[in-house]
Amino acid sequence: MKKFSIVVAGGGSTFTPGIILMLLDNLEKFPIRKIIFYDNDKERQDIVADACEIILKEKAPEIEFLATTDPKTAFTDIDFVMAHIRVGKYAMREKDEKIPLKHGVVGQETCGPGGVAYGMRSIGPVIELVDYMEKYSPDAWMLNYSNPAAIVAEATRKLRPDSKILNICDMPIGIEVRMAQILGLESRKDMEIKYFGLNHFGWWTDIRDKEGNDLMPKLKEHVKKHGYVPDAKVEGQHVEASWNDTFAKAKDVYMLDQKTLPNTYLKYYLFSDEVVEHSNPDYTRANEVMDGREKFIFGECKKIKESGTAKNTEFEIDEHASYIVDLARAISYNTKERMLLIVPNNGAIINFDPTAMVEIPCIVGSQGPEPLVVGSIPQFQKGMMEQQVSVEKLVVEAWAENSYEKLWQAITLSKTVPSARVAKLILDDLIEANKEYWPELK
Ligand code: NAD
Ligand code: G6P
Ligand code: MN
């Protein structure tokens, strides 16, 4: 059996140790011969790499391991690039969240002006990763979950149309895990789903068990009362109080269209005013993550290094990230697994822009994804998606053309922003904060 070689781009990510443990747990399904970490912050990556090296020595000493900041070393002899970079790191996420909030607008990692700012930072570096891959390992595939995935996906579609990059998000997976729990199923894979939308902007239209029985009525009954909060405790990712609020809020989002079940991110667009009221402009999710996940991960890594063993580590296998293995297997073994991916619409949603990057079910095989036909979508969702996809396309155009006007239009069009005046105030603050990262706008 062929063994694969992978580079983790963004090796210093807080998600890296959990993903490495997940990969080690899946070696029978997806054998690995080499793991390389690549990052542009050596100091940050080294902390994670030193710990992961010990984990690998203890669990799979046959796997070759190295960490580097040199693109040629990182991208040579690679089958898969697993990309999760955060351009500007948490310091810039904090600004993405706080600057809009200062002007009374939603401050969020991927939604609204914060997502636009993050997108402007991410387009260049993600394209750089694609170019390294194509230069040093032209047969490799990139599995990208770097955010903001919607804007990054549109940028690669437009600027690198032939590149072998698959954009995927774990939010629908996280929600489906909760749905399965609500339904009393063992696994989300016991459900067959239909879904359409943009990334962080979509709806389930059909959910059935493997026998074809409709599970939507039971789910709707629950979501109407509790959102996506199951009766029993949830383990793993997205468990903090602020995430719980988001899952609970799905009950109000659901009321707007009771034929479908919504992605949790829609709350930022449909209940923007409430979100702002409930936000603390001095302490946002970035602060929560820095004080929580980041401290924990880096603390554990240092402990492993100091003690020279990972035997007593509190790191857990990131179960939910096993979708990455499903995707790599689909490409490597032509499994034809059905997965939600962010792909060019190309007619799948009949009454929607064929050039839009949409999140829809695809059959994934060695040739990549084959999107399934969605058909026509209702006016409500179509209207919202047309507005949002225009935001995403205008950001990419603004980046490619250095256009202040187009970026102003993008922020103005976001449903989270009340007027062109407020959009301009936010934009001017964002330009100042992102000087180091954005192209200069004219
Ligand atoms: P993090 O800041 O802990 O890690 C990101 C790493 O990327 C850092 O070590 C940083 O130095 C590195 N980096 C930044 N710019 C780089 C560049 N140009 N080249 C190489 N490395 C670079 O962030 P995190 O919270 O662990 O998240 C990582 C990414 O994964 C983010 O984009 C986040 O939004 C994304 N994410 C996506 C999903 C999804 O569903 N798609 C789920 C979780 C996280
Ligand atoms: C979900 C989304 C990701 C996002 C993450 C943020 O998993 O799908 O795209 O990056 O949430 O989580 P955090 O814990 O960093 O706020
Ligand atoms: Mn996501």
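The backbone N, Cα and C atoms fix where each Cβ goes, and this holds for glycine too.
Small disclaimer: the values here were computed from a predicted structure and weren't measured.
Taken verbatim from TrEMBL:
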TRANSMEM  6-24  transmembrane segment
BINDING   Arg93, Asn147, Arg285  substrate binding site
SITE      Glu109  site 'Increases basicity of active site Tyr'
BINDING   Cys169, His200  Mn(2+) binding site
ACT_SITE  Asp170  active site, proton donor
DOMAIN    195-417  domain 'Glycosyl hydrolase family 4 C-terminal'
ACT_SITE  Tyr265  active site, proton acceptor
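Structural mapping of features recorded in TrEMBL.
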residue	record	contacts (Cβ under 8 Å, 6+ apart)
Arg93	substrate binding site	Arg86, Glu109, Gly114, Tyr118, Arg285, Ala286, Val289
Asn147	substrate binding site	Arg86, Glu109, Thr110, Gly115, Tyr118, Ser122
Cys169	Mn(2+) binding site	Tyr145, Ala149, Asn199, His200, Leu340, Ile342, Glu359
Asp170	active site, proton donor	Tyr145, Gln237, His320, Ala321, Tyr323
Tyr265	active site, proton acceptor	Thr110, Cys111, Met171, His200, Phe201
Hey, does DSSP put Asn147 (substrate binding site) in a helix, a strand, or just coil?
coil
Checking proximity to ligand 3 here: which recorded positions out of Arg93, Glu109, Cys169, Arg285 have their Cβ closer than 6 Å to it?
Cys169
For ligand 2, list the recorded positions among Arg93, Cys169, His200, Tyr265 whose CB atom is within a distance below 6 Å of it, in sequence order.
Cys169
Around Arg285 (substrate binding site), how many other CB atoms lie within 10 A of its CB?
20
Candidates near ligand 1 among the binding-site residues Asn147, Cys169, His200, judged by a Cβ under 6 angstroms:
Asn147, Cys169
Hey, for the substrate site built from Arg93, Asn147, Arg285, who else sits with CB inside 8 A of the CB center?
Arg86, Tyr90, Asp96, Glu97, Gln108, Glu109, Thr110, Gly114, Tyr118, Ala286, Val289
Over the residue list Arg93, Asn147, Arg285, recorded for substrate, what is the maximum interresidue Cα distance in Å?
15
In this predicted model, what is the average pLDDT of the domain 'Glycosyl hydrolase family 4 C-terminal' (195-417)?
97
